[in-house]
Amino acid sequence: MNPKRSLFFSSLVSPMGALLYLLLLSFFFVSSLVPTSQALALGTNANATRRRAPVHHDLSLDFYSKTCPQVDQIISSVTAARYRDSPTSGPATIRLFFHDCFVEGCDASILIAPTPGSINKVEREMEENKNLAAEAFDTVNMVKAAVENKCPGLVSCADVLAIAARDFVHLAGGPYYTVKKGRKDSKVSLGGKVHPNLPRTNSTVAELVRLFSSKGLSPLDLVALSGAHTIGFSHCDQFASRLYDFRGTKRPDPAMDARLLKALRMSCPQFGGNADVVAPCDVQTPFQFDHAYYANLETNLGLLATDQALFLDPRTRPLVQDLGRDKARFFQAFVAGMEKMGQIRVKKGKRGEIRKDCTKHLT
């Protein structure tokens, strides 16, 4: 694996041991996050508790069986090439899918580009989405172009994103699962809908559970989907408070392993530093989709506060332990969570459209 612009800290290897050696090798000047920094970091504010539960619509495996039967193969040819040439496209695209589905449903509204001069902001302009990687948007655009070449005007951007996310999970060593199809693309992208529906990295488990419940997802879905952080990366600003001023104490988070704290402080200084530096959410196997993420939480090696909170809270600790013991069980729960998430507030019929260009509404 050779991501571009890597940052190597060779002077720290021997005293810190193999764990920190791997961690420091995994810092990159890249823009992708998964699952995320916030990508599947999974938190929200209390307003989400007052939102009605979303409607889940039935989709089908054979939706394009007559109109574009080769859609999965077309998409996989592009995602395989992207994963080979730009591995960070994988976690970035999975995170993009999460950010799309949690804001008004899986409808590709996150893909709409800003209109020059418009006073109405689209979703991708909002602060919570500023760190979404360009590699993810580029990947979806490339996939969509390939699909349009074979099946013009037939396959939605929302379905393209859902299938591409699945491909990247599998390419990184995770489970292959069938993706139900039939979503349409949203006719609007409303920036004001972002803040109450996306996570914060310092949320409590109670807030996480409430957010997921508002989307029709269970605590098991919360813990399983958080496992996408097994290939996620996060910018320093998403966890810096844990290093220097945890919850206003002016001290580091006592729940963080001391070795991890030292390594992160060397890469993410309290003041200054490079805003492009990222750290792996899984310090053991950052490029392998496995269940090591959960073992990390049990040894205080969670990167984000919301990651570590899943093990510290007695409501979710048994779930972390269960998925950490059995990779097959994790894969099963993750697939179930992705399928449920992929059906949140799906647009169908006249409520949606099928864009030819994922960045622009039909005119």
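Using the three backbone atoms N, Cα and C, a Cβ is placed for every residue, glycine included.
Out of CYS68, CYS236, CYS268, CYS281, the record in TrEMBL bonds CYS151 through a disulfide to CYS68. Noted from TrEMBL: CYS358 is disulfide-bonded to CYS157, selected from CYS106, CYS157, CYS236. Listed in sequence order, LYS215, MET341, GLY342, ILE344 are the same-chain residues six or more apart from CYS101 (disulfide bond) with CB atoms under 8 A from its CB. Around HIS99 (active site, proton acceptor), taking its Cβ as the centre, 26 other Cβ atoms fall within 10 Å, counting all chains. A sphere of 10 angstroms centred on the C-beta of ASP290 (Ca(2+) 2 binding site) encloses 19 other C-beta atoms.
For the Ca(2+) 2 site, the Cβ centre of THR230, ASP282, THR285, ASP290 serves as reference, and the other residues of the chain with Cβ at most 8 Å from it are ILE231, GLN284, PRO286, PHE287, GLN288, PHE289, HIS291, ALA292, TYR293. Highlighted in sequence order, HIS99, CYS101, PHE102, GLU104, CYS106, ALA108, ILE110, SER186, SER189, LYS193 have their Cβ within 8 Å of the centre of the Cβ atoms of ASP100, VAL103, GLY105, ASP107, SER109, GLU123, the residues recorded for Ca(2+) 1, and are not part of that set.
Within the model, the domain 'Plant heme peroxidase family profile' (58-362) carries an average pLDDT of 95.
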